[in-house]
Amino acid sequence: MSLNKKLALIIIDGLGIGKKDDTNAVYLANPKTLNYLIKNYPTLEISAAQQPIGLLENQAGNSEIGHLTIGAGRIILNDNANINSYTKRLDYESLVLNDINNEIVHVVGMYSNGLVHSNYEHIHWIIKELVKNNNQVVLHLISDGRDDYPYGFAQFIEQINALKTQYNVIIKSLSGRYFAMDRDQRWERTQKAFNTMFIKQDKICEQSLLEVAQSIANHYESDEFVEPIVFNNDEKYNLKPYQKVILTNYRSDRMRQLAHLLKPNRKFNYHNPFLIKDIHLITLVPFPDVDAITLFEKQNLNNTLGDVLNDHHIKQARVAETEKYGHISFFFDGGINKHYASKTQYLIPSQKVATYDLCPQMSASLITKTIIDHYFDHDVFIVNYANPDMVGHSGNMKQTIQAILSVDSEIQKLYDFFKKNNGVLMITGDHGNAETMIDANGQIITSHSINDVWFIITDNNIVFDQTQKFSLANIAPTILEYLNIKKPIEMAASSMIKKIHK
């Protein structure tokens, strides 16, 4: 099937709708192209957080659930909610954990209530289950500072110390997520975290966990950047062959590199010089390309937007830079690596900088160039521009403004090119971030927001339904109606289109 009009779904990561004041980098940037499109084309404000996309009240959206929901065309049970449906049951017992007896078990996870990559309550649950069978838990903590308050880790120390006392947990190490959860193949970061966690170190931290947490603000920009440190250097708590390691983060994209260092997989070519063989790796949910035992199964999503386009032989292109590549492929396709005959994926390398506020333009221009260069090769483009989110996470207002302006400039190029060639853009965000940079107390915010996002279509023949509130789940049905394709029954959400003028 060949389309009369080329269509591009442009997902501007972290671009939400906020207050028109100096806490909002989007407002301060005053992006002329986006402003023009919002004013001159059909536009809706749609939900990208909380219950409308299957999250909890006051829970911010994130890139994983955002792309998952956009691609699925329905509200889905996210990993956190799915896991909670088991762990909150008093009668639930894990067969995997019940089979672990009288062992030293390493537990690794981000202790955070950001609920983007992890939930600290899952760490509690796993520890409680393990100690029932006389296991010794060795805990490796990862601090957040990105999906939570910049220095929010200190608030958890009392809880963590209670775990230590009540369950005789060994607090072995602490690492900022910058190191332990890199996803851009900066292997020196992941290796540093691995070595600190599992390999004997010459230097041990003399401070208590509380003292370290209280001093983070004096040494680091946020909890995210805490250098990996060891609290216990006892040889018997270093990782050894045949021992078990449980990764408690449920989101895979920022755990796969650490998983690779524990148990090499075909995804990466990097070799761990300190590889410990025959490790038994356990994850909460299945991770792509990772050989691990899983505690919980993922929800199986069929008939996603990618499936339907492929079934109709519509040539689709996925374009993003490294930081968000997994989102427009793995997550967009329902949390599965699907290889469609009709799909071409373009991976644009992210800039090799320590943090993206040092390069707010990121690789946006190469994304645009790739789309334009391959315009006539495909029918539908699924695109992610990462700048507002990745730079917004730095908390640097000035550079976040530059990030937004960089993307705005690229949108102008795409708009001009698509208009000239009778193509159409659909523009949205996957969640908010850059529009809420400072809180009511004047503190920097580096985390996502619960704000709405725009949905714009550059076709004035479209009339949107203004009588109800829509969400990210309505995007796929809208695309299918625009393409005159019947949506599958699994897509429970409706189209946002009221009428198409011929």
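Keep in mind that glycine also has a Cβ here, set from the backbone N, Cα and C atoms.
Bear in mind that the values here come from a model prediction, so they are computed numbers and not experimental data.
The DSSP secondary structure for His431 (Mn(2+) 2 binding site) is coil. Shown in sequence order, Asp13, Gly14, Gly16, Ala48, Ala49, Ala60, Gly61, Asn62, Ser63, Gly66, Asp389, His448, Ser449, Val453 are the residues of the chain, 6+ apart in sequence, with a C-beta less than 8 angstroms from the C-beta of His431 (Mn(2+) 2 binding site). Annotated Mn(2+) 2 binding site per Swiss-Prot: Asp13, Ser63, Asp430, His431, in sequence order.
What Swiss-Prot records for Ser63 is active site, phosphoserine intermediate, and it gives sequence analysis as the kind of evidence.
Around Arg254 (substrate binding site), taking its Cβ as the centre, 22 other Cβ atoms fall within 10 Å, counting all chains. Among the features that Swiss-Prot reports, substrate binding site is placed at His117, Arg146, Asp147, Arg177, Arg183, Arg251, Ser252, Asp253, Arg254, Lys324.
A sphere of 10 angstroms centred on the C-beta of Asp389 (Mn(2+) 1 binding site) encloses 29 other C-beta atoms. Annotation source Swiss-Prot lists Mn(2+) 1 binding site at Asp389, His393, His448.
Neighbour list (His393 (Mn(2+) 1 binding site), Cβ cut-off 8 Å, at least 6 residues apart, same chain): Gly14, Arg146, Tyr356, Asn433, Thr446, Ser447.
Counting only same-chain residues six or more apart in sequence, the Cβ atoms lying under 8 angstroms from the Cβ of His117 (substrate binding site) belong to Met110, Asp147, Arg177, Met181, Asn249, Tyr250, Arg251, Arg254, Met255. Across the binding-site residues listed here (Asp13, Asp147, Asp430), the residue whose Cβ sits among the most other Cβ atoms within 10 Å is Asp430. Here Asp430 (Mn(2+) 2 binding site) is positioned 18 angstrom away from Ser252 (substrate binding site), judged by their C-alpha atoms. Taking the C-alpha positions, the distance from Asp430 (Mn(2+) 2 binding site) to Arg183 (substrate binding site) comes to 19 Å.
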